[in-house]
């Protein structure tokens, strides 16, 4: 048996190299398994955590013991050796126990210095105890003793290796880091074992001494070493398999959770993306590509900023940089250009994803499309502001009207009281005449104010009638000027009348015309001092033009916006200085619309104003709409037939407006249908599928907003373009509800003609020539949204063939194409009869040389792909045609 005393000759020892390498391999493999299982301990919840701690302790402690045992079997000396089974099993229990205790301590307390200074020495001393207990189990025919200094070194190695093992096991490691750490740990454990073996000195009994290496390991001992190693490797392999299966299960749960989260993001019309620790896109982001249309090379790094609105770009860049610098969540609203070229509003929420040690690993963000919500909120704010402004205007009007009514009424009462006193005193009749005239004048002024209010009320309720009659224009205008001359001269103004020689006669409501002209002249006289007022009358075809110009105070652009609003003047200071109720111009605008015309104004502050009244020479009696079924209010040209998909549907409760619209559209070559209310309009839309709908807002029963909402909610009708034609100033609401355009009343016919141009039925309005099918699809989508019909060609030769069959109104041309490029096509087109008259817009990503630009001189515009939005391209197409 072993002893601490030496007797007999010292035994020379050595090692079996193969078993030494095997023992080191066991140590490395066990270390890797422990590191892998340690990661499970770090992420596991309270219940499964103890299972992983036990597995890691068995892997690490059992592996260390197996390494020790195989290392003992690798030890060669000239003495027969055996092992005490109980003490050997005790060494195994010590190894597993101290490892389990150390792992449990670190799992509970963390990997701080204080925790490692407790668990590391505990595990290291335990491993040393395991080693020397295993040595004590050795039975040899001799004695052995230990060198205390080397023993101390072996214990120090054990403590250091154990502390490092615990620190590495609970860190975040990738596969290569884990493999390197396992090699270091395995070599450290093996180093501790062989240092401990070096501390032992063996001496043989005198009778049993043999030369070193006189005998080799017997077959049974070699098989024992291999058996221990094999069992150890199997156990470690199973432990690692369990960790791998757990990892796969965790990844599956992660994928399911990510898919669920992405579905939730998509449910709120959003997309999710990830960025690196510096806030840059380094991987492909399908969601970002879907909403912006940018390719990966475009949004890589910080290229995604190019999709932001130019006005928002610097704010976004600074806010995002600050969030990345401080590691705080980033929440903001942004405007991004979508793949179809439209600016849309997004709500952005971004948070940093951190490692267990608190280091930011990446950023995860969500862009939620809130365009519709933003439009509704904007419309709501505008409606609220309009309501507040209307309330304020009405309050101001009531205050002004109170003053205007009380002033003449007070004068009437005062003069009446004076007359009574003078009559009682026996005054002569001629002495009473002056006061009676003053009473009459104030009474007439009061009656005029009341009539203005009543007239406006009738106009708003639709109960005012038009009485058309034929009269000589010159006589009426001269009579109006004679009436207004006194008003003008009171403030030192000169009133000038200029009538065209071909003024002739008109057929309209003479009373309303006189009132319009008197309102304009009295307005000019009120705001002009010692200046000139000019009334000019001319004719333009079937229209009569009346212009009232003055050299008065003029108006600012802000005042012009409020000019024709009911109950309001230019501003409060104007009311205080010049008086008035604000009804005159509101009545002027309403009367001109009733007579089928319009009134406009041009003005510059401190220089004067010009009001222009345009009226048809012959008043058109509004057609009465049938009670149930709408009819065609104006016959289309003889060569056109009203058939589904071809006519323009006019929905308006005002017969005069329907008549004006249908006459104008018929003159422009459109077939028309009319409806007098929303319900009838919906029925006509379902039956006839019109090419476009012109829709009023203020209608009895179902208003225009409701009609528009129902049209867009019906899949069969949603694609029909709707133009709002109304007095209501709600352009943003119209756009948010799906209207393609907005035309304010009274209609400016030239502007209205441009709006209607997009709905003309001309096959191949725009020819898109590009070899890239995706590019053609994007351009087609943008142009069709703007009302164009689009033909396509994949190369220049195909485009020439199509031009020969049906010349388009405009051509969008790429330059780099197979078969025939854009330069050759443009040259060939200009050589053909009629080819020089077709506008060509070049839309290409090619970098142009001066020579290239020389070849493209006949193109109306050259646009670099990606430099402008597709919406801007659609505007360029419209401008090229116009």
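The backbone N, Cα and C atoms fix where each Cβ goes, glycine too.
Just so you know, TrEMBL annotations never went through curation; they're auto-generated.
Annotated range for coiled coil in TrEMBL, selecting from 345-372, 373-400, 401-428, 429-456: 373-400. Residue pair residue 696 (4-aspartylphosphate) / residue 814 (4-aspartylphosphate) shows a Cα separation of 41 Å. Proximity of distant same-chain residues to the transmembrane segment (115-137), defined by a Cβ-Cβ separation under 8 Å and at least 6 residues beyond the stretch ends, is recorded for 2, 64-65, 68-69, 72, 83-85, 87-88, 90-92, 94-95, 97-99, 101-103, 105-106, 109, 151, 154-155, 158-167, 189, 192-193, 196-197, 200. Annotation for residue 814 (4-aspartylphosphate): same-chain Cβ neighbours under 8 Å, separated by at least 6 residues, are 769, 770, 771, 772, 775, 822, 842, 843, 844. When Cβ atoms from all protein chains are considered, those within 10 Å of residue 696 (4-aspartylphosphate) total 26, not counting its own. Taking H, G and I as helix, E and B as strand and the rest as coil, DSSP gives the domain 'PAC' (330-382) the counts 12 helix, 30 strand, 11 coil.
Taken residue by residue with DSSP, residue 814 (4-aspartylphosphate) is part of neither helix nor strand, so it is coil.
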